[in-house]
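If you look up Swiss-Prot, you'll see 1-19 marked as signal peptide. Feature annotation from Swiss-Prot assigns Ca(2+) binding site to TRP113, GLY115, GLY117, ASP140. Feature annotation from Swiss-Prot assigns disulfide bond to CYS114-CYS136, CYS135-CYS174, CYS142-CYS167, CYS165-CYS202. The active site annotation in Swiss-Prot covers HIS139 and rests on sequence analysis.
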Amino acid sequence: MSLIIVLVISVLSADAVLSMDNELYLNLEPSQRSSWPVARAVRMQFSKRSEGGRESRKMQGCQILESLNDIAREALRTPRHTTKRISKDEMEFFEGRCLSVGESERTVLGTKWCGAGNEAANYSDLGYFNNVDRCCREHDHCDNIPAGETKYGLKNEGTYTMMNCKCEKAFDKCLSDISGYFTRKAVSAVKFTYFTLYGNGCYNVKCENGRSPSNECPNGVAEYTGETGLGAKVINFGK
């Protein structure tokens, strides 16, 4: 199931006769390579004119966004109360009005690990924002339950990979500890996209029979917290 959201911003001219509507349609789909969703968005601009009590609307521009960095930037500057959900058919209608685009980056700009999958050549390969990338790399290799699989007695019946809550907390802390003005911009994009826009929730593991001398939890039982973000809630709805 896909998530479709429309974020609407209206900018009125001084005489309120002509206005510009900027609409962002967002589609999140499951990734087979990581816990991150594959994000796709369409930003469209319409001019709206009101004359003699009648309104007319004309498309002025269209852009398909596949970069998490661009999508996060658009979502961050859009008031949350203007977020609306539309149907998949409506999304396909607007996509059909845009020109096809080639493959776009699916990681946050300046990183190789922060996104659906990764662009790294090897484990040591990091992007420009290497400190942010280290956080994402560790998160990618942390304890998880892939979609459809069972671990700790918990079956992941959702669409996305489910992460251990300890991994989510460590990821959030790792990002929060990063300083630097420009780096913080990348941190904001990563945190907003993953925790707020997506928000798949996580699972806690209880060691009912205690831990082993090596601190392992061989008979652990996991409990899912439930989705925390609008993206995961809509996509997993009805599963």
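Here the Cβ of each residue, glycine as well, is placed from N, Cα and C on the backbone.
Here the features listed in Swiss-Prot are placed on the structure.
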{"residue": "TRP113", "record": "Ca(2+) binding site", "DSSP class": "coil"}
{"residue": "CYS135", "record": "disulfide bond", "DSSP class": "helix"}
{"residue": "ASP140", "record": "Ca(2+) binding site", "DSSP class": "helix"}
{"residue": "CYS165", "record": "disulfide bond", "DSSP class": "helix"}
{"residue": "CYS174", "record": "disulfide bond", "DSSP class": "helix"}
{"residue": "CYS202", "record": "disulfide bond", "DSSP class": "strand"}
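Around ASP140 (Ca(2+) binding site), a 10 Å sphere centred on its CB holds 22 further CB atoms from the protein chains shown. Closest to CYS135 (disulfide bond) in space, going by CA atoms and restricting to the recorded positions CYS114, GLY115, CYS165, is CYS114. In sequence order, MET163, ASN164, LYS166, CYS167, ALA170, PHE171 constitute the residues six or more apart from CYS142 (disulfide bond) in its chain with CB-CB distances below 8 Å.
Between the CA atoms of HIS139 (active site) and TRP113 (Ca(2+) binding site) there is a gap of 9 Å, rounded to the nearest whole number. Within the set of disulfide-bonded residues CYS114, CYS165, CYS174, CYS202, the entry lying nearest in space to ASP140 (Ca(2+) binding site) is CYS114 (CA atoms).
Taking the C-alpha positions, the distance from CYS174 (disulfide bond) to CYS136 (disulfide bond) comes to 9 Å. A Cα-Cα distance of 15 Å separates CYS165 (disulfide bond) from CYS136 (disulfide bond).
Ranked by how many other Cβ atoms sit within 10 Å of their Cβ, the disulfide-bonded residues CYS135, CYS165 place CYS165 at the bottom. Distances between the Cα of CYS136 (disulfide bond) and those of the recorded positions TRP113, GLY115, CYS202 are shortest for TRP113.
CYS202 (disulfide bond) and TRP113 (Ca(2+) binding site) are 20 Å apart (CA-CA, integer value).
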